[in-house]
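Novice: Okay, handing you the structure first.
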Amino acid sequence: MITWNPPAIFKSYCEIIVLHFPFDLQNCSMKLGTWTYDGNLVVINPDSEKPDLSNFMESGEWVMKESHSWKHWVYYACCPDTPYLDITYHFLMLRLPLYFIVNVIIPCMLFSFLTGLVFYLPTDSGEKMTLSISVLLSLTVFLLVIVELIPSTSSAVPLIGKYMLFTMVFVIASIIITVIVINTHHRSPSTHTMPKWVRKLFIETIPNIMFFSTMKRPGKEKQGKSLYGADMDISDISGNQISAVPYQSPITKNPDVRSAIEGVKYIAETMKSDEESNNAAEEWKFVAMVLDHILLCVFMAVCLIGTLGVFAGRLIELSTL
C-alpha cells in the first residue's frame, strides 16, 4: 500500500448566490480526481466522511457550518465502459454579517428614523423641507461610498440592496408628503375652501380617536356685547344683529353721530371678516398638524415593519440551522 501526501495548495472558485446577501449561506464544492488513470487503475478513498479540518484557519468573514465528502463513479460519453473515480467535498459556509450590519444596515435605519422625525418638526419652523433634503443628500452620498461593498451582479437583487432601495423610496416619499403638508398648512380661505368631510375627519373625528384631545382646536372667540342701542339695526363687534330699539334717541338724529355709527358698523363687519379668515386659516393649520401626527406614527411603523419585512424571514431561516 502506497500513501502519498503531496504538499500542495488547491484553489477553487465557488459561484456565489447573492440573493440573501449579507445573510447568505453558500454551498461550495471541490472535486478531486484523475483523468489520466481510470477507476480500474487508481482507487481513491477518503479517510473519513468529513474532511480533516485540523489545519483549518478561521476567517473573519466566513464560518464553516458543515462539510462532507462523497465518492463518485463517473462514466463519460467517450468511454462508456470505463469508470472514472473522483471525490467531491462540499462545504457549507455562512457569512458573518456583523460588518455589514454596523456599516450599512444600521446607518440606513437611522436615515429612515430621521425621515420620520421630519413630521415631528413644526411646520412654522420652516425647516421641514431643509431636513428632508438634507437626509436625502446624506443618504445619496452614503450609498455612493458603500456601493463597492455590495456584490455587482444582475443575477439577483440582494437583501441589502432591497433595503437600500426601500430606504431611498422611503425618504423620497417623505419629501413628497412633506410638500403636501406644508401646502395644507399655508392654505387660506381666499384660495381654498375646506370641504365638510375634511373638517369632520381631521378636526372632529381623528383628534379624538388618536388622543389629540389636548391639542388646541380652532374656534371663534366670544366677543363683548354691543356698544349701545339706537333706532336702527347695527352690529356689535362680533357681527351679531341688535334688535331695533322701540324709541328714537335724540342722539341718533345728529348726522355726526349717525356717521360715527356707520363707521363702527363698517369696522365691526371688517373685524368679523378678518376673524372668519383667521379661523379658516387656523383650521387648515390644525389639519396640517393632525396630518403631521398621523404621518409620524405611520412612517415610524413603516420603517420598523419594512426593516423586519426585509430581514426577518431570512434571519428566522438561519436560526434553524
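From the backbone N, Cα and C atoms, a Cβ is placed for every residue, glycine too.
Quick paste of what TrEMBL says about this protein:
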- 2-96: domain 'Neurotransmitter-gated ion-channel ligand-binding' (DOMAIN)
- 98-121: transmembrane segment (TRANSMEM)
- 104-223: domain 'Neurotransmitter-gated ion-channel transmembrane' (DOMAIN)
- 133-151: transmembrane segment (TRANSMEM)
- 163-185: transmembrane segment (TRANSMEM)
- 249-311: domain 'Neurotransmitter-gated ion-channel transmembrane' (DOMAIN)
- 294-316: transmembrane segment (TRANSMEM)
Novice: Find the member of 98-121, 133-151, 294-316 that has more C-beta pairs under 8 Å to the transmembrane segment (163-185) than any other listed stretch.
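Specialist: Most Cβ pairs under 8 Å with the transmembrane segment (163-185) come from 98-121.
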Novice: Compute the average pLDDT of the predicted model within the domain 'Neurotransmitter-gated ion-channel ligand-binding' (2-96).
Specialist: 86
Novice: In the domain 'Neurotransmitter-gated ion-channel transmembrane' (249-311), how many residues does DSSP call helix, how many strand, and how many coil?
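Specialist: The breakdown for the domain 'Neurotransmitter-gated ion-channel transmembrane' (249-311) reads 61 helix, 0 strand, 2 coil.
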